[in-house]
Amino acid sequence: QHHGGAQVDIYEKLPVPFGLVRFGVAPDHPEVKNVINTFTQTAHSERCAYYGNVTVGRDVTVPELQQAYHAVVLSYGAEDNRVLGIPGENLSGVYSARAFVGWYNGLPENQDLKPDLSCETALILGHGNVALDIARILLSPLQLLRKTDITDSSLAALACSKVKRVWLVGRRGPLQVAFTIKELREMINLPGARAVLDPADFTGLENAVKDAPRPRKRLTELMIKTALEKPREKPVEAQAAAPREWGLKFQRSPQEVLPTPDGKRARGVRMALTRLEGSGDSARAIPTGEVEDLECGLVLSSIGYRSLPLDPAVPFDTQRGIIPNSSGRVEGVPGLYCSGWVKRGPTGVIITTMNDSFDTAQSVLEDLQGGVLDMSPSREGFGAVESILRSRGVRPVSFSDWEKIDAAEVARGKAAGKPREKIVDPAEMLRLIGH
């Protein structure tokens, strides 16, 4: 929009576009996916082209892209998860939040996850929005999920789920939770599930939160109110209808996943109890030396995502899991930029990432005006890349190809009373468009 002559080509590893909006946003949050309409509008511009089914770093290298374009922006996000680094985390019944979310959202690489939902108690390690999403999906009434674009196979698995209690556990206290008030309120109001918050966790917090920023203050007040509310006398039928519950546990840090007697499965997590040093967002959790065992048959680790290096030619800070950059300009590589989680780490919501991309685009425009980008050679763009891909037997998927896949998904969904039924096998997507 800010440059009348700019031509933009988008390369994507999967045949289908939209990344985290398609594969990360919870299926019962369709309004969050409305940003897809803006993306689609952009993709329909004659100055924009989409090339799916192309893995950068394998099918075409970053230096090859730099030869073909005046500027290259990397915004491939965080496709791995942080590990707990504790004994037992590889036991059966322990999953990363990233894989679990990918499973119910139809991310091809997670389709064979087959999480075991045969236990009554699930433990989610983490106090962010993703942790709340997972808890909500595990405890939502099936009739609510049936109307969403959740995948057919995960719906079938959830229909047989025995999980009726979910604990969300964090190392720090109520004043450090990372979820937002909208997600918490949704969880509190979830039909058929009750919140179990220990009033002792919230005593004295009214004063501590007086001068906190407004979002933190409102969030804490909602937790306090929920914890202190007397359970309303429910008729017996209502109690029978609400056998599910969830709760927040604080100041516990996972030390070890405990195995069943045969050593194969998770049966609980040993927690180190912690005390806080410092206050606010910078408070640190220090183990007290005491431990507590929490029994559960399902452990979901939601402690954050992690970016991976894409190509040896691109500098990468493995400690911080980002491409070293200044305002999106990759250090020491003129004409190469980055945006999103690979630029500043896996934090924030969609709007944070949007603002971040505007910042990077601004850097590209400034470099264009300031003569940093070498505009003298005319660059062929996709013309040059196409011959490279052809020589390697790679056939890109166009945006109109995607629209055929999209139409097929919507038609399948309609038959089931859903907004869409996602196709989860890339080979089937490619067959559908005659590749």
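From the backbone N, Cα and C atoms, a Cβ is placed for every residue, glycine too.
Database features, via TrEMBL:
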BINDING   GLU12, LEU20, VAL56, TRP341, GLY348, VAL349, ILE350  FAD binding site
BINDING   HIS127, GLY128, ASN129, VAL130, ARG171, ARG172, GLU183, GLY348  NADP(+) binding site
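Binding-site extent for FAD: residues GLU12, LEU20, VAL56, TRP341, GLY348, VAL349, ILE350, maximum pairwise Cα distance 25 Å (rounded to the nearest whole number). Least packed by the Cβ count within 10 Å, out of the binding-site residues LEU20, VAL56, VAL130, VAL349, is VAL349.
Annotation for GLU183 (NADP(+) binding site): spatial neighbours ASN129, LEU132, ASP133, criterion Cβ-Cβ under 8 Å with sequence separation of six or more. Every protein chain shown contributes to the tally, and the Cβ of ILE350 (FAD binding site) ends up with 14 other Cβ atoms within 10 Å. Each of the binding-site residues GLU12, GLY128, ARG171, GLY348 was ranked by the number of other C-beta atoms within 10 Å, and first place falls to ARG171. Each residue contributes its Cα atom, and for VAL130 (NADP(+) binding site) and VAL349 (FAD binding site) those atoms are 11 Å apart. Between the farthest pair of Cα atoms in the NADP(+) binding residues (HIS127, GLY128, ASN129, VAL130, ARG171, ARG172, GLU183, GLY348), the distance is 20 Å. Checked against VAL56 (FAD binding site), the binding-site residues HIS127, GLY128, ARG171, ARG172 differ in C-alpha distance, with GLY128 being the nearest.
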